[in-house]
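Below is one structure, written out as structure tokens; comments come after it.
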Amino acid sequence: MVGPLSPPLHGAKLVSQVPIGTVFESVAQKYDVMNDAMSLGIHRLWKDSLLHVMNPQPGARLLDTAGGTGDISFRFLDYVRFQRGRRDRRAARANQTLSWQQINDSYTSTEPVQQGSRAVVCDINKEMLKVGKQRAEELGYGTDLSWVVGDAEELPFDDDQFDVYTIAFGIRNVTHIEQALQEAHRVLKPGGRFLCLEFSKVSNPLLSSLYDAYSFQVIPVLGEVIAGDWKSYQYLVESIRRFPDQETFKGMIEDSGFFRVQYFNLTGGVVAIHSGFKL
Ligand SMILES: C[S@@+](CC[C@H](N)C(=O)[O-])C[C@H]1O[C@@H](n2cnc3c(N)ncnc32)[C@H](O)[C@@H]1O
């Protein structure tokens, strides 16, 4: 019921007569453990790849929609902090008037991410956000993050607010994908970037049959053993197969007004990163 491999959630609507809030309330605590179990830990590499494609610089403002427990935002803040540290050290080395103490300080700075870099995690489910917020406090992310309950189809933000919009393993859960894409376009600043990480289509026949075997024979079993829920995981696998392929989704992003849309396959297309810009 959880993880990148979680069955689609349909906004705040009912799933088998159970409000989605109630469903996630029971699973939010287990969410991160399940992510690792169901994807064999590979979701971490996929998320790292998203950050490498994004390559955010100090000062960037991120909206992570369907952000769950904050994985993408944590990576974003780490990445920006690293970039800033590197830039400061370069400046320190170039500046002959700095003392060794000052140069040393630039290596050991524990200040929060400066220059207005901020990430907003937005999710329809407040229990997921609650778990994420607790994690953020434990990991010391503090004031650089905010947590907002909101629907990807109707974002609670003004126009032209963000430099980057991400949605990782979330768009598949949204009922009206086109509506979510239009909202992404609306809240991005001109020049801002849309990035989506989602399951996609494997084209290599050998990999495809291995992937099918894993998906249909292993995932529901894991779902039963770990979450006591075979059916949901069976449904999950089917929902992944129903999600538009790379080219079709690319066309949908273009239709929503984005330019220079492209995608990158990861693990042979098991997952794809789609990218587009608002001009
Ligand atoms: C599989 S999790 C992904 C979480 C996170 N992005 C990650 O990669 O770990 C999907 C998330 O989408 C959220 N979600 C589902 N429908 C949504 C919607 N319409 N608007 C915002 N969030 C939604 C769920 O609450 C859940 O936290």
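Cβ atoms here come from the backbone N, Cα and C positions, even for glycine.
Automated prediction, rather than curation, is the source of TrEMBL annotations.
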Message: Need one residue: from D36, D123, D212, D229, the one TrEMBL lists with T69, D151, A152 for S-adenosyl-L-methionine.
response: D123
All-chain count of other Cβ atoms within 10 Å of A152 (S-adenosyl-L-methionine binding site): 25
- prompt: Of all the binding-site residues given, D123, D151, which has the fewest Cβ neighbours within 10 Å once its own Cβ is left out?
  reply: D151
Query: What number of additional C-beta atoms lies within 10 angstroms of the C-beta atom of T69 (S-adenosyl-L-methionine binding site)?
result: 25
Task: In whole Å, could you give the widest CA to CA gap in the S-adenosyl-L-methionine site formed by T69, D123, D151, A152?
output: 16
